[in-house]
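> Grabbed the feature section from TrEMBL, which reads as follows:
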type	residues	note
COMPBIAS	1-17	compositional bias 'Pro residues'
COMPBIAS	116-130	compositional bias 'Pro residues'
COMPBIAS	131-142	compositional bias 'Low complexity'
DOMAIN	30-106	domain 'Daxx N-terminal Rassf1C-interacting'
DOMAIN	251-299	domain 'Daxx histone-binding'
REGION	1-22	region 'Disordered'
REGION	108-142	region 'Disordered'
Amino acid sequence: VPPPSPPCPPPNVPVPPRGRRPPLTPLPLQFLELCTRLTEEHPEVIPFLSGRHQKASPDFLASAELRNVLSRCLSRVRTRRNKVYVYINELCTVLKAHTLRRKLTLSSATPVATSPSPPQPPASPQPPASPAAGSSRSPGGSKRQIRYLENLLRVYMGEIRRLQERELDLAELDSEDSTYLQESRLKRKMMRIFERLCQLKQCSSLTGRVIEQRIQYRGTRYPEVNRRIERFINRPEAFPDYTDILKVIQKASARHSLGLAQRQMESMAQDAFREVGNRLQERRHLDLVYNFGSHLTDQYRPG
């Protein structure tokens with residue numbers, strides 16, 4: 001009996017060549033075909049976009065955020081074909097922000113540089129090279145890094161505005177990829193990008209919000225206690241209770257040898273807790289009033 005012959009592939013299905021692995025999650029075929037036709041004068045654009053796509057993390061490639069970005073870019077390219085390079089650049093910027101960070105080369109190069117004993121002193125060139133580096137290069141980020149982060153903020157801002165304009169379905173409330181959760185994740189990413197941008201620009205990250213204003217406390221006649229309470233209540237996300245205020249007063253009394261009695265410290269803690277709580281609550285309420293809402297209600301005027 002002759003051995004069974006191997007099954008032949010269907011005639012219409014292309015067989016990938018050996019040694020090559022197809023991409024795990026390819027870009028939409030309609031988007032690639034449209035962009036390929038519009039970028040015939042620059043054939044290197046589509047391979048560059050595919051390379052960015054292959055280097056992105058698998059979690060982001062399977063996320064609803066990427067699907068939304070792709071659908072938005074596809075619709076924009078269809079309506080404004082002369083802006084195809086702008087929209088491809090936006091997509092490449094988003095993919096680059098979610099690129100897998102390969103640290104294998106750094107970890108493998110570290111033992112090679114530190115294994116021999118003579119080159120150990122120059123292995124950390126920061127201390128001796130700090131004066132020269134300070135004279136030739138600014139400690140902040142380069143213009144390219146700043147421009148890239150600013151462009152990424154604009155892309156995320158446009159995506160947030162688009163998500164806010166969508167209607168939230170009741171069936172979508174229990175979904176992990178609902179519009180509301182996508183908007184929240186994008187806002188957290190924008191905050192991290194903004195903090196990094198402030199570091200590169202060497203400027204303060206304060207935005208002028210009410211929640212960032214420092215509360216001054218002068219409720220007792222002991223400056224040492226006032227300073228410790230003021231330092232404690234101005235910490236980020238601080239909303240102390242009575243026990244926390246009492247512990248602060250006890251530590252201040254012990255540290256500065258004030259000799260306060262227990263009843264006196266409890267009375268001071270009660271007064272300070274009421275005053276501090278009211279001021280913190282008022283500050284949070286004003287911050288909510290000034291910052292609540294979206295761009296959809298900016299032009300609304302009652303009556």
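Including glycine, each Cβ sits where the backbone N, Cα and C put it.
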> Report the DSSP secondary-structure composition of the domain 'Daxx N-terminal Rassf1C-interacting' (30-106) as helix, strand and coil residue counts.
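Tallied per class, the domain 'Daxx N-terminal Rassf1C-interacting' (30-106) gives 60 helix, 2 strand, 15 coil.
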> Averaged over the domain 'Daxx histone-binding' (251-299), what pLDDT does the prediction give?
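So the average pLDDT across the domain 'Daxx histone-binding' (251-299) works out to 86.
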> Mind checking how the domain 'Daxx histone-binding' (251-299) divides into helix, strand and coil residues in DSSP?
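Residue counts for the domain 'Daxx histone-binding' (251-299) by secondary structure: 39 helix, 0 strand, 10 coil.
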